[in-house]
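Written out below as structure tokens is the structure these notes cover.
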Amino acid sequence: MTKTRKEKVLADGEQPLADGEQHEVTEKSYQELIANMNPIAQPLASKKLSKKLYKCVKKAAKVKNIRRGVKEVQKFINKGEKGIVVLAGDTLPIDVYCHLPVMCEDRNLPYAYIPSKGDLGSSAGSKRPTCVILIKPHEEYQDAYDECVQEVSSLPKPL
């Protein structure tokens, strides 16, 4: 078997470009991402706080100090691990992770929703979207972590 070159599938109405040219990949703005949020996504991180959380996730992933995915995060929350829980607000169905905020509140863990699971996964160094990440404290990024904890804790909790 030999390797075959895969052609990119173009969206409706797009024309193939000449050799060497590439289609522009447009990123969605914060407002467009918020339009696709779940109704339970409260407290929602602001645009500024979302960027700080993405940077903190990236630093934590560099030193392998994160827990990724519902199953793993739930297991370590039950074991009593401390950290910031970052949830993606565009995850469907909601039933997949709707129990995690209650678990966080019971254990006094700070948690916040961000608009995009794709951005959360890519900031963790993965090509796959991720719906929940637990950032554990570490001395290499302690100042960024403390700042995120303070801002996430000050967000208004849902009723």
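Each residue, glycine too, has its Cβ placed from N, Cα and C.
Annotated region 'Disordered' per TrEMBL: 1-22, in sequence order. The domain 'Ribosomal protein eL8/eL30/eS12/Gadd45' annotation in TrEMBL covers 52-144.
Broken down with DSSP, the domain 'Ribosomal protein eL8/eL30/eS12/Gadd45' (52-144) shows 43 helix, 16 strand, 34 coil. A mean pLDDT of 92 is what the model gives for the domain 'Ribosomal protein eL8/eL30/eS12/Gadd45' (52-144).
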